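Here's the structure we're looking at; comments come further down.
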């Protein structure tokens, strides 16, 4: 059964437009509360958020909806998505809720959920919530209404958890790091994590005003980080997105490294320490160069659909530990139950410190193939698969590339966009074919 409200990462949209309105979000929380009470008499949920101005409004709506269903609420304030996942598990809560639209600009917002174990919830749970949404509310009686409170030092608890994943035998002393938190949920957390492990930290993107989240900073706009690393002669740059679940890094020369390269580094580091790495899960977007480098190390790469939930599902199915996306969602399931930009950065830095080599030296033998991505806006109800102009162009390009490249055309799971990607050894050729396909998509 198709989901009506839930996308690949919760429910997301423009604030003030369905479904991201206070009345719907209240109803959503009430429906979730009713689902929780089917198996638990007095559930408790944690609610965290990023720094969007709309977070205040949506937080209040969620609190009211849960309380009206007889569910207690613990407010965490601004906290990275993986921090909410961690505290949900650590506090033995029934559910974790995050108010965030991740890397999107401030006019958007969203709601996503974590299980009591700090993991993404299955489709069946989301369908149960949608069914409850279609039913009439069943308000709890006055004696059964839920309560709300704030958790003291939620940020400090999460900081200590992040630090616990970094080897106690190692330090970041003598290392200068520029940290860009995208004016998002990690603004008051990320600089402290690296500082408390010994690094000299220069913070940018750490002054949220409710409107500037992800604006020209962070993992989706790394130019600011590159400039800051070069200007301050830093050793590393770390860029997170608005909810701090994705990571991009920069070396001392100002070169940017994406999730594909960092995923390979994490696998190679484990191999160098004699750990068993039977395989790694990437996505349809994972660069061919990484696949070949892993293969040379005797490690299989399996491609899942784009979206960290699909990477997680494949990891669980195979009982593997490492996976990730080009965008910087990296998963190390023996470190955390979900993607965590801060913990991923610590694992990369730990590998470099332990090996006594810079990021550039560590990854010098991995050179990504040129990959050109063009986004085409989709109109409401537009079926790109029925576009015969695009389908004919797709067949033609695939025939021309043969075994020397890849083409991927897919609809975004979070935005009304068609993503056209072409990967081949020649950048000009990749760009030509990608724009040719994008033009065909628009023409149809």
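Backbone N, Cα and C define each Cβ position, glycine as well.
It should be emphasised that the depicted structure is a prediction, and the values quoted were computed from it without experimental measurement.
Among the features that Swiss-Prot reports, active site, phosphoserine intermediate is placed at 102, with the record citing sequence analysis. In the three-state DSSP reading, residue 102 (active site, phosphoserine intermediate) counts as coil.
Its Cβ placed at the centre, residue 243 (Mg(2+) binding site) has 33 other Cβ atoms within 10 Å. According to Swiss-Prot, the Mg(2+) binding site annotation covers 102, 241, 243, 245, on the basis of sequence analysis.
Taken from Swiss-Prot, the feature phosphoserine applies to 102. Annotation for residue 102 (active site, phosphoserine intermediate): same-chain Cβ neighbours under 8 Å, separated by at least 6 residues, are 9, 81, 110, 241, 242, 243, 245, 246, 414.
Excluding 102, 241, 243, 245 themselves, the residues of that chain whose CB lies within 8 A of the CB mean position for the Mg(2+) site are, in sequence, 50, 80, 81, 100, 103, 184, 185, 240, 242, 244, 246, 341. Every protein chain shown contributes to the tally, and the Cβ of residue 245 (Mg(2+) binding site) ends up with 31 other Cβ atoms within 10 Å.
Its own atom aside, the Cβ of residue 241 (Mg(2+) binding site) has 33 Cβ atoms within 10 angstroms in the protein chains shown.
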